[in-house]
Amino acid sequence: MSEPILDLHNLRKTFGALTATDDVSLTLHPGEIHALIGPNGAGKSTLIKLISGELRPDSGTIRFEGQAIDRLGPAARARLGLARSFQVSAVIPGFTVLENVMLAVQGASGASFRFLRPALRDRALTEPAQFHIAHVGMGTRAHMPAADLSHGERRRLEIAMALALRPRAFLLDEPMAGMGTEGARDLTAILSELRTEAPILLVEHDMDAVFALADRISVLVYGRIIATGTVAEIRASEAVRAAYLGDAA
Amino acid sequence: MTREAALNAALFVALIGTALVAQALGEGFIITLATKAAIFALAGVGLNLVLGYGGLVSFGHAAFFGLGGYATGILASHAMSGVPVATLPFTLNGSTEMLAIWPLAIAASGLAALAIGALSLRTSGVYFIMVTLAFAQMIYYLAISWPAYGGEDGLSFYVRNTFPGLNTFDPIQFFAICAGLLAAALGLVAVLTRSRFGLALRAARQNESRVVAVGIRPYSIRLLAFMLSGMIVGLAGSLYADLNRFVSPAMLSWHMSGEIMVFVILGGVGRLFGPVAGALAYIALEHLLGGVSDYWQALLGLLLLAIVIYAPGGLIGLIAGRRHV
Ligand SMILES: Nc1ncnc2c1ncn2[C@@H]1O[C@H](COP(=O)(O)OP(=O)(O)O)[C@@H](O)[C@H]1O
Ligand SMILES: [Mg+2]
């Protein structure tokens, strides 16, 4: 296999007596969607936060495109191209869709200390932003305040923001959460296209989406990866069935 | 023109008009009130940059107001006595020139804001409020216990500082200086808050982790905003010292921090002209009610309460409607 974009090595994170991440090693390769599944409280969001830099591991290392990023803060990691979406939809509610995506373009450009030109007239921000908004099918919503969007639209906006970061890898934490079946189907199509931009580490509860999208699946239980494999392998695994999938599979 | 832009223009015209009418009627006291309103509005515009646009509730902006004032008083009194303010590392002589005093007042308050901001911005929420308050109180007690510049009694400098081509003793001319600087500060804040810098500052107020996730460090954005804010408030303090020809520790006290905050909240948090509306309303209430009753502050308190509960957009929001910022 090719060199991994993202390479987690023996990560461990404890909260007091609780081990939320227990010796996790995992890779993300170019072009792939690697799904991370597991019951509530298994430590999926914690793992995403360790990668994005919001949390620091107790031990273990993270390499991103061959470079150890353990010492970098979350803003620096985002600038390297680690694009993260949040489990709880996170946009700037008082901004329009356009302004939200402009903010992401601005973040990726690394040039926030510009004081004179109105941002809305800065074509280096508006043009890429409009492009990404169109990409997720939100072209007609560009001037709507993010607070007025439907849940599904807000999720799309987040994807547009992630795209604007010119990502080298996506970290998506339950992008389908709270969406109806139709919204979930739409988003599945968008995510499937997204993998050509950059590989995706996908935390998701919607098993239809996971089975439709994932190239590989890792199953996390009590902070430990108990299995990694293709969709077929994971579906067939007795251990996974017992620990997690239950009747769902 | 939007409704808010029309309201903003009307507010500024009201301020200038009040002073001009008072001039025509020979009401010097009213001109002084209008001048005070312009200066308070300027301080509010400075605070609004962090409080309104940045969402940072600083309860210590009296520090910058007072530092601007003391810088002015100290320079003026040294100019009169002929003794240099400092001889090391370089000789700093006193001055009675506003154009020489302002940069020093702005620099002093800006440096203080940089230092205070660098430490207090590591905290957030109620801790931020307390830390900014604590720093301002430290400077307040320093001023009280430093006898060289009047200590508790404050420092008088009797003669208003000068401005080339103008007679600053003439109330309307001094008013013109203050109103001009207010207009400049409003222009500056309007430009800043629409720029990339302003986009990041406003975004960080609403969702800090989102801003981090797009690769922007809110800390450095906020620190710069805090420093600029302190500089504007310091300039207001310098003008206030010149208005009264007197500075005292009261300029540094937490009451002053609260008052500046009141201008912003009364007029409209995060609205460009909020502090102008707030300062005008404050001065008008003080003038109209202060004579009637010593309890006008209680009435002000009730008004503030009503604003916070029923009209978070302040007076501007009441008239011009809600707006997302
Ligand atoms: N900041 C924290 N402090 C203490 N415990 C935490 C913290 N964050 C998560 N946890 C705990 O760690 C475990 C894993 O949480 P999380 O990663 O959110 O799980 P998941 O996303 O898989 O549902 C849970 O038991 C949770 O309560
Ligand atoms: Mg989670």
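Cβ coordinates come from backbone N, Cα and C, glycine included.
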The annotated transmembrane segment range in TrEMBL, which must be one of B:9-26, B:63-80: B:63-80
For the transmembrane segment (B:172-192), name the stretch out of B:36-56, B:100-119, B:126-149, B:219-240, B:260-283 with the most CB-CB pairs under 8 Å. B:36-56
With CB pairs under 8 Å as the measure, which of the listed stretches B:36-56, B:126-149, B:295-320 comes out on top against the transmembrane segment (B:100-119)? B:126-149
Relative to the transmembrane segment (B:36-56), the stretch among B:126-149, B:219-240, B:260-283, B:295-320 with the most Cβ pairs under 8 Å is B:260-283
